[in-house]
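Below is one structure, written out as structure tokens; comments come after it.
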Amino acid sequence: MSNKKRELILAFESSCDETSVAVIEDGKKILSNIIATQIKSHKRFGGVVPEVASRHHIEQVTMCLEDAMTEANVTYDDLSAVAVTYGPGLVGALLVGVACAKVVAFSHNLPLIPVNHMAGHIYAARFTSKIKFPAMALLVSGGHTELVYLPKENVYQIIGETRDDAAGEAYDKIGRVLGLTYPAGKQIDEMAHRGKDTFSFPRAMFKEDNFDFSFSGLKSSFINTVHHADQVGEKLSPDDLAASFQQSVIDVLLHKTEHALDTFQIKQLILAGGVAANQGLRDGLDQLIRKHTGVELLKAPLKLCGDNAAMIGAAGYVAWKNGEVANLSLNADPSLEFEWFKKEQ
Amino acid sequence: MNVLAIDTSNQPLSIAILKDKELIATVTTNESKNHSVTLMPQIANLLNSVGMKPIDIDRFVVAKGPGSYTGLRIGVTTAKTFAFTLSKELVGVSSLAVLADAINEEGTLIVPLFDARRGNVFAGGYVKNGTELMNVIPDQHVSLGELLEKTKSYKHIFFVGSDSHKFEEQILEKMSKEQRVVFSSNEDDYPQAYHLGLLGIKEKPVEIHSFVPEYLRLTQAESQWLENHQEKVDETFVEKI
Ligand SMILES: [Zn+2]
């Protein structure tokens, strides 16, 4: 047999409200990507309830594992390693995936690879095309909004992040004000396409020379506008409100991203995270990148913007190639973060 | 039959390897602050110490609750994954029964209990008949007062578990003069996975995928939701996408 042996990673993801197990070939091909989502359950409570999430994960995890192995049509002997999200996320939720991955790795003598969930989101883009370094990632999700510099493979450095709410959090909060059901992001995105930016909400941190974001001022301004209208009995267009809110969020994201493009010499800009599925943001970045010749825009596939184990397998493959292995005492780290970028002196 | 028994339902961590009813190796630590960090290395060490591999185990037995929600999930996830990934048997045993099984007192109601905070306990009532352990008051989440009410008809009661000492005064105050009450001593205060293994040998294996901890308590969010949504209880809330 002259064929080079394919390298298969079995990956686990359970950081929030999706239980997912995947099998990934050579870090770039999805053989299976089973996702059990709990959205319907948490909809009952208007947001993710951590204890409920943890209980669902344990109901699902071995079933997802079985389905992932069956769909990929592989045995444990075919695997090269086991990758697992160990943070950031909900601690009780993370622990289910970590415990399961440890047992599979130990039982079948496979290396265990610890993966940062946010690196996973970035590597969702690996299923679109190869990542070229140095690169910059704009990560926008329910819990995170940050710009991450990737000088080379498996190195992630934050250059800026949100000072208060994550963009996805702001979407959920104003969704509640608009009376939308959780999660509101997709509905607001659709409403925004029907409305116009008539309210001119504030764009925070525009003048400051950094890469940080802030959405709390926008959120307050939005809530005040709606409350004031309620008090005087005025009816505001929900579509225009959504459009104005979304435009403000996108302007802030694009402005800081452009600042990063002007400051760092990079080959690729990667859009990743749950909010990366937002059509307004995707369109905005398409326009922005046209002004920056030599920089390629790499967007995570729409289907892989939400949480899934395929992206953990892709990031895990790179971590494994770079020698990152955990032992059986691996713990969940709910507040795991990338290191901060430091200017060389 | 080789058995690996795992109890992480409260602060103590106890694991044991049995060959049928015989104890091969066991370790119990009461200082384990974090079962997520310590459980797997302890299992690996214990197996290694007797020259065994995970594949040599025929049945995985786990304390399924009640107890600390996080502790239970670590133990149950570990046991069910072992059983699934190695195609072996899985058995769950009440965490309270594990404590009760260590007490060799016939003609006494054995009441293991865990503190569930705010005046509540997780507790059950057991009777020992030779080596048979019978559950006579089902495991439940209950106020201490209500629990004592349920033990009224028993003359001799044996309270078991380190948490039982917290309630000694309250219990003695509420018991009638005819009742004779005893509290466990130090060596019986903590679960011994050997007893878990012994109980687990007698049980029938369970279906692995659907096996979850017995929390004996809904989350607050769910019980509030149920108050207003009686009609939708059968709905499934998790979907494959
Ligand atoms: Zn995520």
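Every residue gets a Cβ built from N, Cα and C, even glycine.
Features of the protein shown, as given by TrEMBL:
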{"type": "BINDING", "residues": "A:His117, A:His121, A:Asp307", "note": "Fe cation binding site"}
{"type": "BINDING", "residues": "A:Leu139, A:Val140, A:Ser141, A:Gly142, A:Gly143, A:Asp172, A:Gly185, A:Asp189, A:Asn278", "note": "substrate binding site"}
{"type": "DOMAIN", "residues": "A:29-313", "note": "domain 'Gcp-like'"}
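A:Gly185 (substrate binding site) and A:Asp307 (Fe cation binding site) have their C-alpha atoms 15 Å apart, to the nearest angstrom. Cα distances from A:Asp307 (Fe cation binding site) to the binding-site residues A:Leu139, A:Ser141, A:Gly143, A:Asn278 are smallest for A:Ser141. Only A:Ser141, A:Asp307, in sequence order, out of the binding-site residues A:Leu139, A:Ser141, A:Gly143, A:Asn278, A:Asp307 have a CB under 6 Å from ligand 1. Each residue contributes its Cα atom, and for A:His121 (Fe cation binding site) and A:Ser141 (substrate binding site) those atoms are 9 Å apart. On the backbone, the CA of A:Ser141 (substrate binding site) and the CA of A:His117 (Fe cation binding site) stand 11 Å apart. Non-local neighbourhood of A:Asn278 (substrate binding site): A:Val140, A:Gly185, A:Asp189, A:Gln246, A:Ile250, each in the same chain, at least six residues away, with C-beta under 8 Å from its C-beta. Candidate binding-site residues: A:Gly143, A:Gly185. Fewest other C-beta atoms within 10 angstroms, A:Gly143.
Of the listed binding-site residues A:His117, A:His121, the Cβ environment within 10 Å is emptiest of other Cβ atoms at A:His117. In the structure as shown, the Cβ atom of A:Leu139 (substrate binding site) sits within 10 Å of 26 other Cβ atoms. A:Gly143 (substrate binding site) carries neither a helix nor a strand DSSP state and counts as coil.
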